[in-house]
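Novice: Pasting a structure below so you can have a look.
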Amino acid sequence: MSRARNHLRAALFLAAASARGVTTQVAAQRGLSAWPVPQEPSMEYQDAVRMLNTLQTNAGYLEQVKRQRGDPQTQLEAMELYLARSGLQVEDLDRLNIIHVTGTKGKGSTCAFTECILRSYGLKTGFFSSPHLVQVRERIRINGQPISPELFTKYFWRLYHRLEETKVDLAVVEVGIGGAYDCTNIIRKPVVCGVSSLGIDHTSLLGDTVEKIAWQKGGIFKQGVPAFTVLQPEGPLAVLRDRAQQISCPLYLCPTLEALEEGGPPLALGLDGEHQRSNAALALQLAHCWLQRQDHHGAGEVKASRPGLLWQLPLAPVFQPTSHMRLGLRNTEWLGRTQVLRRGPLTWYLDGAHTPSSVQACVRWFRQALQGRERPSGGPEVRVLLFNATGDRDPAALLKLLQPCQFDYAVFCPNLTEVSSTGNADQQNFTVTLDQVLLRCLEHQQHWNHLDEEQASPDLWSAPSPEPAGPTSLLLAPHPPHTCSASSLVFSCISHALQWISQGRDPVFQPPTPPKGLLTHPVAHSGASVLHEAAAIHVLVTGSLHLVGGVLKLLEPALSQ
């Protein structure tokens, strides 16, 4: 398979003009619909997704690419070539009224708020984000809804055939994570840009300090295009300021939501969690600026409410949010982020936090939610953590941040809905091997046990070594930890983990008979009795958006319809 074919996946999302940097597109003027529709009578949605998955970079080739990574600027040049092969030119993207948002934490929520605000004004919106949770078509949304399976299938095959017809060997184009050399930066003329909270993430691509990451994220700034950011630590904020000044990009610091609420009623948000207030404040500035520039045919100026002081930036306008803005903030939905599902005795808390700062925010949200809960009249309450982390993230650091939640059980599993994902194309991932993900889960468990034992008796106990329960077992776990430690288990897929946690007590998630061997381990057997008798079970699912997506697929079957 040629390099061009291996990396065709990156080009397949050009219809949305973005990837992974999370871009909101509003009132698009021209798109792929200008082409005649080819007839694909035998092709269904799952066929298109399976073909898309064959274009994923496999784990071995991905490692080779990382070792041989060359000039990152060539990625943008290659992206222009892919765009031309798809039948579009960069000038076509220039005609779109794009809001381009990047950041480490909260960029998806910021875009969700912004998009809902603009829809509340009666505008037609397009929204691209990555990754998806349940189905790949979620990445492309029109007027707040994922495009239909039929529409995804139609445009996939249209683009696939165009790229096949013009196939040549090209430089590798990687779907990135937003920033200077990301393929989203092919967008040359956005209406406005935004940078959400910055922190340490994707260090192998972006750098190992928050300042280096800020330099990358600031790469989306464009000359003369207004940009907004939330309050950041002094170091990365100074980097963003310098980056903007170098190219004459007017960059503003967002006032807090409290400042915008002065003199009016409090703003109600559709997304829970104190950290969402920062995302909402950025969204209000992006929507306000976009609307003003549209009224002035793209030439509206932002009037700072306070000039820059020292390393700080000029403060963006402080204005009274309109009724449309209030409605948009209140109606915003963004699955898998501070989401709560109440099912009989079970309450599922879903948050795709995967960086230290986002996990800290997740812990605050979870603990606040528990404080405000209605306590059951009789019987014990049980807290369960379901966790996985991927990529170059530090699982030990993330798990340490979760310790204050005082979980009774910690459960680890890979981001696989079932043991075999052959019948579920939307959840397939060829960039890692099964051995890799299972070993990583065992490492997570070892980190957790070590943290628990350190907390209980730091000088007397050492972490146990992973010892699988058997080559054919569906349950992987070391010997039971010391009695001072919370119990931990590793399951081979999300479905088995949820079966053990729910014990058949979730009225929606009712899988067939549990697989043989699910309760063979003593911790699993004793824990099953505790969970079955509990008056309330609180389950926090976090560490990976892909894990949250797999859980949602099983708990909310309608999302797969």
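Quick reminder: no glycine exception, Cβ is built from N, Cα and C everywhere.
Bear in mind that TrEMBL entries carry predicted annotations, made automatically and left uncurated.
The feature Mg(2+) binding site is assigned by TrEMBL to Ser130, Glu174, His202. Residues or ranges marked as ATP binding site by TrEMBL: Arg337, Asp351. For 1-24, the entry in TrEMBL reads signal peptide.
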Novice: Taking only the Cα atoms, work out how far Asp351 (ATP binding site) lies from Ser130 (Mg(2+) binding site), in Å, as a whole number.
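Specialist: Per the Cα atoms, Asp351 (ATP binding site) and Ser130 (Mg(2+) binding site) stand 15 Å apart.
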Novice: Measure the Cβ-based neighbour count of Asp351 (ATP binding site), defined as the other Cβ atoms within 10 Å of its Cβ.
Specialist: 25
Novice: Tally every other Cβ atom lying within 10 Å of the Cβ atom of Ser130 (Mg(2+) binding site).
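Specialist: Its Cβ has 23 other Cβ atoms within 10 Å.
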Novice: Enumerate same-chain residues with a sequence separation of six or more from Arg337 (ATP binding site) and a Cβ-Cβ distance below 8 A; give 'none' if the list is empty.
Specialist: Gly108, Ser109, Leu271, Leu350, Asp351, Gly352
